[in-house]
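Asker: Annotation comment: Swiss-Prot describes 316-320 as motif 'DDXXD motif', evidence class similarity to another entry. The Mg(2+) 2 binding site annotation in Swiss-Prot covers 316, 320. Annotated Mg(2+) 1 binding site per Swiss-Prot: 316, 320, in sequence order, evidence recorded as similarity to another entry. The Mg(2+) 3 binding site annotation in Swiss-Prot covers 461, 469 and rests on similarity to another entry.
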């Protein structure tokens with residue numbers, strides 16, 4: 001909140017003039033590129049039919065044969081998942097993995113001849129699907145008498161890569177996986193350093209993994225990357241590859257059509273003219289939500305949640321950049337009451353505009369739902385109210401030029417990051433029997449998995465923007481608050497926050513193991529929101545300053561089809 005009020009006297013009359021910020025955010029880089037995209041229903045149906053036909057072939061070829069050994073079947077499942085096709089074969093994959101789990105873990109059957117790659121792959125796939133497998137039981141045999149990973153493993157590059165990926169499924173206190181991560185990172189980095197060319201498939205995989213392991217990668221981006229690698233493997237399955245390409249391009253067409261509709265909503269609402277001080281990032285916001293769920297059946301959910309996150313972004317800029325504290329108090333109170341008849345109490349006009357658009361949109365969400373599901377919107381409203389209360393608290397810190405303690409900061413900032421609001425709101429448009437009132441009640445509590453995802457969101461945002469925030473003299477970040485409470489240097493604060501981010505990932509992994517508090521397809525949204533933070537905030541704030549990461553991601557998922 002950078003608004004100031006200047007007072008001057010003239011003929012015994014005090015005149016107050018509000019100085020609004022003159023700084024403007026980077027303009028949108030996409031223009032109206034997505035506004036006019038269209039694809040006929042006939043063309044979509046044709047593409048869907050092609051995908052359905054190939055799906056049946058794949059079912060028979062891969063999941064219809066029960067004679068394969070465990071190693072072979074795990075590798076097939078891995079390829080299917082990495083090609084982005086797992087959502088087509090959820091029950092088949094789950095059945096196969098449950099069978100493998102019962103054979104190799106549930107009945108204490110030890111695969112003594114299992115190599116490092118196979119053991120790591122088995123562990124990773126089972127953990128990804130919520131099976132509670134013991135890391136020491138699987139990986140202790142790869143250690144020497146001194147408790148270190150055997151030196152002979154250094155030459156097994158494929159095994160090292162597989163172990164590296166598996167280590168990112170660790171839970172709190174799994175020391176053997178922490179050691180595995182350090183061991184594999186060191187030797188995979190050395191492998192690349194000793195190679196003059198990095199164009200071969202293995203080197204490309206290692207480079208990608210070191211930048212972003214599979215556990216932290218958005219599924220569609222990872223699929224796009226792997227399809228090109230898999231195509232260059234001499235032993236690739238042609239039917240699988242063909243299905244992966246067709247499916248990717250089909251989903252891209254569906255997503256582009258959705259983005260076109262969202263872009264028209266943004267343009268017709270005239271938000272750019274009504275809120276010229278705010279970031280115009282509707283394409284990036286849609287990408288954010290696409291990261292949470294890409295499957296075709298969640299089209300309505302994406303539409304609803306993109307609009308909600310757009311309002312959250314507008315509110316963020318109102319509270320951070322534009323409004324006076326008195327205006328922010330008025331808006332917070334009005335949203336708390338959620339009553340269109342009090343709109344006249346909001347001044348200046350931009351507050352009325354925001355309030356009216358917000359309430360009208362949530363009313364439209366209710367109208368789009370069956371009557372028995374309209375209760376969902378109530379839970380989303382409550383989280384949005386909570387979000388604005390946290391924004392107001394942070395605005396007060398800035399107004400008072402106050403740096404809170406780290407503990408006090410966390411109470412507010414883990415709400416103001418917006419992830420609790422988004423996670424609850426993400427269920428509004430999900431057409432699924434697993435979304436019930438009990439699920440909303442469960443998610444509305446302070447759950448460990450939501451707190452962990454919010455921690456990743458808040459700390460990665462703060463670390464990415466710390467220098468920028470300091471130059472703007474904006475509200476304090478986790479860095480200043482940690483330094484203040486614990487009397488440490490900036491570098492020490494950075495190290496501690498990064499440790500807490502790593503620990504939060506482990507907590508998410510643990511919360512996704514069976515039995516879960518609510519159905520896994522719901523909790524996966526929490527995981528996916530965390531993945532997006534790693535993409536957009538690992539090397540800076542790619543939302544506010546749209547650069548290569550954002551541009552490449554949008555191009556890969558929403559512009560360029562796979563040939």
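Any Cβ shown, glycine's included, is placed from N, Cα and C.
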Asker: Hey, how far is residue 461 (Mg(2+) 3 binding site) from residue 316 (Mg(2+) 2 binding site), Cα to Cα, in Å?
Answerer: 14
Asker: Tell me, how many other CB atoms lie within 10 A of the CB of residue 320 (Mg(2+) 2 binding site), whichever protein chain they belong to?
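Answerer: Within a 10 Å radius of the Cβ of residue 320 (Mg(2+) 2 binding site) lie 21 other Cβ atoms.
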Asker: Sort out the sequence-distant neighbours of residue 316 (Mg(2+) 2 binding site) for me: same chain, 6+ apart, CB within less than 8 Å of its CB, listed by position.
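Answerer: In sequence order, 391, 418 meet the Cβ cut-off.
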Asker: Could you tell me how many residues in the motif 'DDXXD motif' (316-320) are helical, how many are strand and how many are coil under DSSP?
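Answerer: Final tally across the stretch: 5 helix, 0 strand, 0 coil.
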